[in-house]
Amino acid sequence: MVQALIRKSACVADLKKRAKRRIPKFAFDYIEGGCNSELALSNNRTALDDIFLRPEYLQKYQTPELGTTLFGKQYASPFGIAPLGLSGLVWPDASAMHARAALKANIPFVLSTVSTISIEDAAKNAEDNFWFQLYPPADEEILDDMLKRLLDVGCQNLVVTVDVPTPSRRISAIKSGLAVPPKITVKSVFESTIRPFWSLATVRAGLPQFATLRPYIKDAKNIEDIATFIRVTLRDVVDESSLRNLRDKWQGNLIVKGISHVDDALTVKEIGADGIIVSNHGGRQLDASLPPAETLEEIIDAVGADLTVMADSGVETGVDIARYLALGAEAVFAGRAFLYGVAAHGEQGAEHTIDLLRDELEQVMSQVHCAKPELMHQYLE
Ligand SMILES: Cc1cc2nc3c(=O)[nH]c(=O)nc-3n(C[C@H](O)[C@H](O)[C@H](O)COP(=O)(O)O)c2cc1C
C-alpha cells in the first residue's frame, strides 16, 4: 500500500497536483494562495533555494538520528504540522486526520483556533502531541475558558499568532468567491460537482463548523453567526500587553508565532515566553515581508540562547526542512504540504506527507554526514 502511494505521490509536488484534481477550485485556491501579488510566497521559495548545504564527505559517517526534544518532550522528527484554519473545507475532518498522523509519527500537531475540530477532539486524537494556536479573543471570559479547556485536556504548548492584525487580501480567494463562512454559489456548486470524491465526503460530513468556538456563540443559529463572531470578537490585535496578559494566565509553554523582527523576539524573551516561530504566515499576510529564511539567523543570534526558535513558511520538501535546520531552527513547521496530503489521499495522505518529508530529510542528513538535527548548522554554506 505504501509503495502504491509512493508511485502515485512521490513528493509533495505530486500531492499538490493530485489535490488540485480532487478538490474544488475554491478549496485549492484557499490552500495555495498567497496575499496580494503573491510576492511573499515566491520570495519564500527563492530565499530557501538560496540556502546551500556543504557536505564533508571525509568526516566520520554516522547514521542520522532525527529525534529532537522540544519543551522537554522527545519527538521523532524535528518538524510538525502548522495550524491550519478551516481545514475541513479542504477535506472533511482534515485536522483530525493530521492529529492522528502526528500522534502515530510522534511529531507536533498545532490546532488552529479557527479549525473545524474542537480542542477536545484534537486532544483525543493527538494526545500529548497536541499544541494549540490561539487568536486571542478580546473577551477575557472567553479567553479564560479556552485556556481552561486546554488545561483540562492536558495541552502544554500554546502558540499565539501575532501576524494577523488584520485580514489579508488574497486575490485568488476574492476571485474564486471564497467567503467565511463558505457560501453556496452557482460557481461553487459547479466546481464541487466536478470533484465527486470531495463532494461525497463533504455531503456526508456537512459544511465545516468552527468547532472550538461554537460554545461561545450562545444564540448562533448558523455558521454565519459564528463567522460574525470571529470577525468581531477574535480580531484582537496582539501586542506586548496582550502577550504579558497571556503570560500571566498561562503556566504552560508560551510560543509566539509570526515573528520577523529582532526587536519583537527580544520583547517575547523579556516577557518570559518560551519559544517563537519565525514565520511570515506562508506569505499569506504581508506581501512585502522578508522571508523567514532571511531573518532567522539574526533572530537566533539575538534570542537563541533563551528561547526555542522554530521556523515555518515555504516548506515543500525535506530539503527545505534541512535548510531551516541549517540556519539554526530547532524545529520546522509545514502548512500547505499537509493539506495537499489529505486532499490527495485522505487520512493516508496525512501519514504519507510525514513519511515523505521525513525520508527526504533523512536522505539529506545522510548525504551531508549530519548525525543530528541540531548539528545541521555545521553544513550551512
Ligand atoms: C490554508 C491555511 C490556513 C492557515 N490558517 C492558519 C491559522 O488558522 N492560524 C495560524 O496561525 N496560521 C495559519 N496558517 C499559516 C500556517 O500556520 C503556516 O504559518 C504556513 O502555512 C507556513 O507556510 P507553508 O504553507 O508554506 O508551509 C494557515 C496557512 C494555510 C495555508
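Glycine is treated like the rest: Cβ placed from N, Cα and C.
Small disclaimer: the values here were computed from a predicted structure and weren't measured.
TrEMBL lists 4-381 with the feature domain 'FMN hydroxy acid dehydrogenase'.
Marked as glyoxylate binding site by TrEMBL: Y30, Y135, R170, H281, R284. DSSP assigns Y135 (glyoxylate binding site) to coil, not to a helix or a strand.
Around G85 (FMN binding site), the C-beta neighbours below 8 angstroms that are at least 6 residues distant in the chain are S112, T113, V114, S115. Positions annotated as FMN binding site by TrEMBL: P83, L84, G85, S112, Q133, T161, K257, S279, G335, R336.
Look at TrEMBL and you will find H281 tagged as active site, proton acceptor. Neighbours of H281 (glyoxylate binding site), defined as other CB atoms within 10 A of its CB across all chains, total 23. H281 (glyoxylate binding site) falls within a helix when secondary structure is assigned with DSSP.
P83 are the binding-site residues among P83, Y135, R170 whose C-beta comes within less than 6 Å of an atom of ligand 1, given in sequence order. When the record's glyoxylate-binding residues Y30, Y135, R170, H281, R284 are compared pairwise by CA position, the greatest distance found is 19 Å. Cβ neighbour count for K257 (FMN binding site) (all protein chains, 10 Å cutoff from its Cβ): 25. The FMN-binding residues named in the record, P83, L84, G85, S112, Q133, T161, K257, S279, G335, R336, extend over a maximum Cα to Cα distance of 17 Å. Counting only the Cα atoms, the space from P83 (FMN binding site) to Y135 (glyoxylate binding site) is about 11 angstrom. Under DSSP, Y30 (glyoxylate binding site) is assigned to a helix (H, G or I) in the three-state scheme.
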